[in-house]
């Protein structure tokens with residue numbers, strides 16, 4: 001077996017461990033948090049967490065895709081890697097300053113956020129962690145072993161802290177701070193590894209590189225914003241319209257779905273930089289790799305969707321417990337998402353983005369975001385968390401369909 005295949009498989013395994021720590025380790029505390037906080041306070045927790053995820057999305061700006069691709073193409077040149085690294089870091093510093101100003105204004109001026117200001121600010125460590133955690137550097141250089149180490153250590157650290165310090169329904173802010181601190185700890189460990197390995201040179205500030213970095217990531221940022229509109233945004237709108245209990249039911253079911261779906265991420269994250277670099281050298285080999293990825297992801301995603309559909313009642317009963325009756329219905333409605341998202345990841349990220357169709361990719365996700373806005377208000381008003389689940393499913397169906405049509409119409413998978 002050649003070195004490239006061994007390297008790819010090794011990276012998939014490392015990323016599987018990373019995703020296991022990201023999704024499965026928090027599941028050790030998930031049932032405890034759900035039961036300790038109760039449906040209403042767990043809903044408040046989810047509402048504030050979703051708000052902070054929007055802030056993180058702004059700071060992330062799509063660099064996990066664009067910077068990964070840039071690093072993958074320049075992995076053998078320390079000077080180029082250094083230039084890309086500092087351009088992204090300084091870009092993120094600009095974005096985090098804007099974010100903190102906006103967050104301060106929001107918690108002062110919006111009554112719903114003012115009421116939960118302490119809880120919202122308890123999630124800020126995750127924002128800082130996103131700034132200093134260069135996942136894109138590790139992925140671009142295909143050095144997943146170190147990414148695995150930093151992720152596992154940080155996730156393990158928060159487990160005992162949750163059981164020790166979160167004891168009553170009122171400990172929402174403590175729970176938020178502990179959960180969000182995992183990203184910060186992971187970022188500190190990752191930066192120490194980067195320095196120790198000598199992957200980057202001295203600090204270089206180039207305004208031209210910062211502007212170019214922001215420009216390169218703009219269309220992906222618009223795309224991720226649109227995705228957040230119909231994923232994270234649904235939780236926020238549901239909270240405003242239907243209240244924290246509905247958010248608690250939706251968030252509980254969606255957490256189970258994300259835990260299973262997240263197991264697909266090792267394959268998608270490991271193969272993306274490999275596809276990017278392979279297409280540059282040999283398009284035919286790149287297309288063959290994409291088709292293999294499509295087969296693998298669709299089969300696994302389909303199996304996960306069946307597990308969620310057929311096992312919804314058991315999964316909710318075991319992981320959540322009593323008081324979350326509507327979570328079973330929500331989980332059944334959103335059960336097709338792992339299959340749909342596995343397809344849209346291939347057609348959108350692995351095909352459209354690697355072929356430089358960033359604008360078209362953005363337009364599809366913007367259309368999906370607009371559809372979610374049209375559906376979310378009437379459906380959540382009428383059906384609360386069930387309406388939110390229907391909105392999410394309908395939006396993902398549109399995304400997958402449009403991406404599939406674009407790829408086929410432009411014959412992007414024809415060698």
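Cβ from N, Cα, C; glycine included.
Sequence annotations record features per position, and here Swiss-Prot assigns topological domain 'Cytoplasmic' to 1-11 (among others) based on sequence analysis.
Positions annotated as topological domain 'Periplasmic' by Swiss-Prot, on the basis of sequence analysis: 33-41 (among others). Cβ atoms under 8 Å from those of the topological domain 'Periplasmic' (33-41) belong to residues 162, 166-172, 175, 243-245, 248-249, 252, 319-321, 323-324 of the same chain, restricted to positions at least 6 beyond its ends.
The feature topological domain 'Cytoplasmic' is assigned by Swiss-Prot to 63-83 (among others). Taking Cβ pairs closer than 8 Å, the topological domain 'Cytoplasmic' (63-83) reaches residues 91-92, 135-137, 139-142, 199-202, 204, 206, 209, 213, 216-217, 220, 272-274, 276-277, 280, 349, 353-354 in its own chain, all 6 or more past its ends.
Positions annotated as topological domain 'Periplasmic' by Swiss-Prot, on the basis of sequence analysis: 105-117 (among others). Residues of the same chain lying 6 or more positions beyond the ends of the topological domain 'Periplasmic' (105-117) and with a Cβ under 8 Å from any Cβ of it are 44, 47-48, 51, 239-240.
For 139-173 (among others), the entry in Swiss-Prot reads topological domain 'Cytoplasmic', with the evidence type sequence analysis. The helix, strand and coil residue counts that DSSP assigns across the topological domain 'Cytoplasmic' (139-173) are 27 helix, 0 strand, 8 coil.
Within the chain, the topological domain 'Periplasmic' (195-220) has long-range Cβ neighbours (under 8 A, six or more residues past its boundaries) at 61-63, 65-67, 70, 78-79, 81-88, 90-91, 94, 137, 141, 143, 146, 353, 358-359, 361-362. Sequence annotations record features per position, and here Swiss-Prot assigns topological domain 'Periplasmic' to 195-220 (among others) based on sequence analysis.
The topological domain 'Cytoplasmic' feature in Swiss-Prot is assigned to 242-295 (among others); the stated evidence is sequence analysis. This prediction places the mean pLDDT of the topological domain 'Cytoplasmic' (242-295) at 86.
Taking DSSP states H, G and I as helix and E and B as strand, the topological domain 'Periplasmic' (317-328) has 6 helix, 0 strand, 6 coil. Among the features that Swiss-Prot reports, topological domain 'Periplasmic' is placed at 317-328 (among others).
Residues or ranges marked as topological domain 'Cytoplasmic' in Swiss-Prot (evidence: sequence analysis): 350-362 (among others).
With DSSP classes pooled into helix, strand and coil, the tally for the topological domain 'Cytoplasmic' (407-415) is 3 helix, 0 strand, 6 coil. Per Swiss-Prot, the feature topological domain 'Cytoplasmic' maps to 407-415 (among others).
Feature annotation from Swiss-Prot assigns transmembrane segment to 12-32 (among others); the stated evidence is sequence analysis.
The transmembrane segment annotation in Swiss-Prot covers 42-62 (among others) and is backed by sequence analysis.
Positions annotated as transmembrane segment by Swiss-Prot: 84-104 (among others). Sequence-distant contacts of the transmembrane segment (84-104) (same chain, at least 6 residues past either end, Cβ-Cβ under 8 Å): 55, 58-59, 61, 63, 67, 70-71, 74, 120-121, 127-128, 130-131, 134, 136-137, 199-200, 203-206, 209-210, 212-214, 217.
For the transmembrane segment (118-138), the residues of the chain that approach it from at least six positions outside its boundaries are 44-45, 48-49, 51-52, 55-56, 59-60, 63-65, 67-68, 71, 81, 85, 88-89, 92-93, 96, 99-100, 103, 107, 144, 146-147, 150, 172-174, 176-177, 179-188, 190-191, 194, 199, judged by C-beta separation under 8 angstroms. Per Swiss-Prot, the feature transmembrane segment maps to 118-138 (among others); the stated evidence is sequence analysis.
Residues or ranges marked as transmembrane segment in Swiss-Prot (evidence: sequence analysis): 174-194 (among others).
Proximity of distant same-chain residues to the transmembrane segment (221-241), defined by a Cβ-Cβ separation under 8 Å and at least 6 residues beyond the stretch ends, is recorded for 43, 46-47, 50-51, 53-54, 57-58, 60-62, 112, 247, 250-251, 254, 358, 361-362, 365-366, 368-369, 371-373, 376-377, 380-381, 384-385, 388, 391-392, 395-396. Among the features that Swiss-Prot reports, transmembrane segment is placed at 221-241 (among others).
Only residues 6 or more beyond the boundaries of the topological domain 'Cytoplasmic' (407-415), in the same chain, are considered here, and those with a CB under 8 A from a CB of the stretch are 283-284, 287-288, 290-291, 347, 351-352, 355, 357. Residues 252-253, 256-257, 260-261, 263-264, 267-268, 324, 327-328, 331-332, 334-343, 345-346 of the same chain, all 6+ positions outside the transmembrane segment (296-316), place their C-beta atoms under 8 angstroms from a C-beta of that stretch. Remote same-chain residues near the transmembrane segment (42-62) are listed as 33-34, 91-92, 95-96, 98-99, 102-103, 113, 116, 119-120, 122-124, 126-127, 130-131, 172, 175-176, 179-180, 214, 217-221, 223-225, 228, 232-233, 235-236, 239, 243-252 (criterion: CB distance under 8 Å, separation of at least six residues from the stretch ends).
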